[in-house]
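Data first, discussion second: the structure below is written as C-alpha cells.
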Amino acid sequence: MAPASHALSARKLLARDWRGGELGVLLTALILAVGIVVGISAFVARLQTALEQESLRFLAADLVVSSRTEPPETWAEQAGGLDLATASTLAFPSMVFADNDAMHLASVKAVTDTYPLRGELRHSATPYGELATARSVPAPGEVWLAPRLFALLGVDTGDTVSVGEAGFIVSGALRAEPDAAGSMFSYGPRLMMNMVDIPATGVVQPGSRVNHRLLLGGNNDALTEFTDWIKPRLDQGQRLLGLEDSQPRINQTLDRARGFLLLAGSLAVVLAAAAIALAARRFSERHADYVAVMKSLGASTGYISRLYASSLFLLGVLATVLGCAVGWLIQAGFFMAFADQLPVTPGSSGISPYGVGAATALVCLGFFAWPPLRRLSQVPPLRVLRRSSESMGAQRPLDYVLSALAMVGLMLWYSGDVALTGGVVLGVAITVGVGFLLAKGLLRGSRKAGMRAGSVWRLALAGLQRRSNSSALQMVIFAIAIMLLLVLTIIRTSLFDQWQAQLPPGTPNHFVINVAPEERSDFAAFLATENISRERLYPMTRGRVMAVNEEALAERDSVDSDRRQRESNFTWSESVPEGNALIAGSWWSPGTSESLVSLEQDFAESIGAVLGDRLSLRIGADSLVVTVASIRTLDWQSMKPNFFMVFPREVLEGYPSMFMTSFFLPEGQKLALNTLVKEFPTVTVIELDLVIKEIRGIIDQVGVAIEMVLGVIVLAGALVLVAGVQASVDVRIRESALLRALGARKGLLLGALWIEFTVLGLMSGLLAVLGAEAAAALLQARALDLSYSPSYAVWPLGLAIGGGVIGIVGVWSCRRVASSAPLTVLREV
C-alpha cells in the first residue's frame with residue numbers, strides 16, 4: 001500500500017478513535033507531557049535570563065575590569081570596536097569639608113555620563129525625600145551625598161562642600177547605586193561626582209589608593225571576544241570581574257537555583273514519559289480486539305504496523321504543536337499570576353524549549369508508546385472468538401532497557417549536568433529495583449487469598465494477585481511519581497534552609513575597623529548603651545608572607561601571585577575563632593610563646609604551605625618566622641571578622657595593632673552611626689546593609705521561582721497518578737460486572753477498591769521515600785553543593801501521599817466500576 005494511502009488510513013483511524021473516545025487518554029497525556037516540558041523549559045529559560053540580568057545590577061555592567069591604575073585608552077577603544085557599551089568609575093577615600101568647618105571621611109565615587117550600564121541610580125532632592133530614578137549622573141560641579149553624610153557635615157541641598165582643592169554644590173541625595181556592593185566594602189558614606197571634575201580636586205596622584213573600573217555591556221559573543229583579548233594584557237593589580245568574582249554569594253545562590261530548576265525540568269521529563277507509557281499501554285490493550293477483527297478480514301502484519309506507525313506519527317505532530325502552545329500558555333500564565341511577587345522583567349526563552357518539547361515527544365513516542373503498539377501486529381485473529389488473558393501492552397525487558405537509556409540521554413541533554421542526571425537515575429533505579437521486589441513479596445502474601453465475595457480484604461488482595469504484573473507496574477510508577485515530588489521537596493527545603501542560614505535575622509551589616517587599643521572599652525560601652533549587639537573585638541596587625549620554607553613567593557609562577565603577596569590582616573587568638581573549624585593540626589595552649597600560626601585552607605593552598613612549614617613574614621620593618629601549626633576552614637560569607645592567619649597572643653602582642661568588629665544595626669538606628677563617628681573619629685565604618693538587602697531580594701525572587709516550578713511538577717505528578725489508575729479501569733469494570741452478577745454489593749466493591757489502592761499507595765509511598773533519600777543525598781552533595789542530612793519529615797509525607805492521595809484518586813477514577821450495569825459490560829466481553 002502506498003504511503004499516501006497509509007496516511008489516509010491513519011487519519012481515518014485517528015478520527016474514529018477520537019469519536020469513540022479511544023484517543024483521549026493518550027493524546028491528553030502527550031499534550032500535557034510536551035506542554036509541561038515546554039512550559040517548565042521556557043519558564044526556566046526566561047526566569048534564568050531575568051534573574052541573571054537582575055543580578056548584573058550588582059556590577060552595573062555585564063563585565064568589569066578593575067585596576068589600581070588608570071586603564072589604557074586602548075581597552076575602551078577595543079570594546080567600542082566590538083559594539084560594547086562602556087562606562088568608567090573611580091573610587092577612593094577622601095576627606096570632605098563643609099563651609100561650617102565640619103569634615104568627614106567619605107567614599108568618593110566619580111562616574112562617567114554613561115554610568116550605569118545595568119541597574120539604575122536612585123536619588124532624591126533631600127536626604128529622605130521622595131525617591132526618583134536618575135537618568136543621568138551628577139552634573140559637572142555638583143555632587144550627590146549619602147543621606148548620612150548630610151547629617152555628619154551639617155549641610156543641606158544647595159550648600160557647598162569641598163573635595164581636595166575643588167568646591168561642589170550639593171544637588172541631591174544618593175539613595176541607591178547598583179554596584180554599591182562592588183568590593184563589599186565602602187569606607188564611609190558615599191559622595192558621587194562627575195568624572196570630569198577629578199582633575200580639579202587634585203586628590204588623585206601617582207601612588208594614590210584608588211580603584212578604577214571599566215564597565216562593559218553588550219551581547220555574550222562580543223563580551224567573550226573582549227575577555228579573550230584582554231586577559232593576556234592584564235598586569236598585577238588588574239582583574240576581570242564577572243558576577244561570580246564580584247558577588248560569589250549571589251552567584252552561588254543563582255547556581256543552586258539554576259540546578260534546582262534544571263532538576264525540576266528533568267523530573268518533568270521522567271513524569272511525562274511515565275504518563276505516556278501508561279496511556280499507550282491502555283491504548284494498545286483497547287485496540288487489540290480491533291486489530292484481531294482487521295486480521296480476520298485479511299490485514300497483514302506489515303499493514304497493521306505501518307498503520308499504527310503512521311497514526312502515532314500524526315498523533316505526535318498534533319501533540320507537539322498543541323503541547324508547545326499549552327507550554328507557552330503555562331509559562332505565560334505563571335509570569336502573569338506571579339508578576340507582583342517576581343519583580344523582574346522576563347527575558348526571552350528562544351526556541352530551545354520548543355526543541356526540548358519536540359524531542360521529548362519523539363523519545364516518548366518512540367520508546368514508550370511505540371513498543372506496545374508495535375506488538376498489536378502480533379495479535380492473533382483467533383482473539384475475535386477467544387479473548388486472551390495476556391496483556392498486549394506488556395513490554396519486554398529489552399524495551400525497558402532501551403526506554404531507560406533514552407530517558408537518561410534526554411535528561412542529560414536537557415540538564416547538561418552528569419551529577420544531576422545521575423542523582424535522578426539513582427533514585428529511580430532504587431525505586432524500581434526495590435519496588436518490584438516488594439511487589440512480588442506482596443503478591444506472594446496474597447496468593448492464597450480466594451475470590452470469595454464475603455471478605456472485602458480477601459477480595460482486594462485477590463484483585464492484586466490477578467493483576468500481578470499491572471499491580472507491580474502501577475506500584476513502581478506511583479512510587480516514581482511520588483519519589484520525584486519528594487526529591488524536589490527535600491531539595492527545596494534544603495535550599496531555603498541554607499539560604500536563610502547564610503543571612504539569618506541579625507546578620508552583622510556593619511564593620512568597624514581602626515578602633516584604637518585605648519578606646520576598646522569606651523567603644524564597647526557605647527555600643528552597649530545604644531543596644532547594639534556586636535561580634536568579638538579582634539586585634540588587627542598588617543603584614544605579608546614573604547617566603548615558605550625560605551622560598552620567596554615572588555619567585556613562584558602562579559595566577560594568584562598578586563593575591564598571595566598582598567598585605568593582609570593578622571590577628572591573635574587563644575582559642576579557635578567562632579565559625580572556624582580545624583581540618584589539620586591542633587590549636588596551641590593559651591599563653592604559649594611559640595612562633596606558630598594557623599592558616600585558612602584556601603590561603604594555605606595558594607601559598608603552597610602545609611603543616612610544619614616555616615613562613616617568613618614581614619610586619620612593618622620587622623621580620624618574623626613562624627611554623628604552621630594548623631589549617632582551618634571558615635565561612636567567608638558569614639559577615640563576621642575572618643582572617644587568613646591567626647597567631648598566639650604572645651607572638652603578635654608586641655606589634656602595633658588596631659581592633660575591628662562587626663555588628664547588626666537596624667535601619668531605624670542608622671543615625672547612631674553619626675554619633676559613633678563623632679565619639680570615635682579615628683574609626684572607619686564599613687556599611688553592608690544595602691548589600692545584604694539586595695542579596696536577600698535576589699534570594700526572595702529565586703524562592704518564588706522555585707515555588708512556581710514545584711507547583712508545575714505537582715501537576716505533572718498528578719497526571720501520572722491519574723494515568724496509572726486509568727490504565728486498569730477497563731479490567732476492573734469487567735471484574736466488577738462478574739462479581740455483581742454473582743451477587744456482590746456495591747459497598748463491597750468500593751471497599752475493596754479503597755483497600756487495594758491504599759495498599760498500593762502505602763507501598764509506593766515507602767518506596768518513594770527510600771528512593772528520594774538516596775537521590776537527594778547524591779544531588780545535594782554532588783550537583784548542588786549542599787550539605788546532606790536525612791529528611792525525616794518526608795517519611796510521613798510520602799506515606800500520606802501514597803496511602804491517602806492514591807487511595808482517593810484511585811477510587812474516584814474507578815467510581816464507574818461499582819455502578820456500571822453488569823449486563824451492559826458482559827455483552828461487551
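Note: Cβ is positioned from N, Cα and C throughout, glycine not excepted.
What TrEMBL says about this protein:
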type: DOMAIN; residues: 264-381; note: domain 'ABC3 transporter permease C-terminal'
type: DOMAIN; residues: 708-820; note: domain 'ABC3 transporter permease C-terminal'
type: TRANSMEM; residues: 21-45; note: transmembrane segment
type: TRANSMEM; residues: 259-280; note: transmembrane segment
type: TRANSMEM; residues: 312-339; note: transmembrane segment
type: TRANSMEM; residues: 351-370; note: transmembrane segment
type: TRANSMEM; residues: 420-443; note: transmembrane segment
type: TRANSMEM; residues: 472-491; note: transmembrane segment
type: TRANSMEM; residues: 708-727; note: transmembrane segment
type: TRANSMEM; residues: 748-772; note: transmembrane segment
type: TRANSMEM; residues: 792-812; note: transmembrane segment
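As a quick check, the transmembrane segment (472-491) and the transmembrane segment (351-370) miss the bar of 3 or more Cβ pairs under 8 A, pairs 6 or more apart, so the two do not touch. Contact between the transmembrane segment (351-370) and the transmembrane segment (792-812) does not hold: fewer than three of their C-beta pairs are under 8 Å, each pair 6 or more apart in sequence. Counted with DSSP, the domain 'ABC3 transporter permease C-terminal' (264-381) comes out as 98 helix, 0 strand, 20 coil.
Taking residue pairs at least 6 apart in sequence, the transmembrane segment (21-45) and the transmembrane segment (312-339) share three or more C-beta contacts under 8 angstroms. In the predicted model, residues of the domain 'ABC3 transporter permease C-terminal' (708-820) average a pLDDT of 73.
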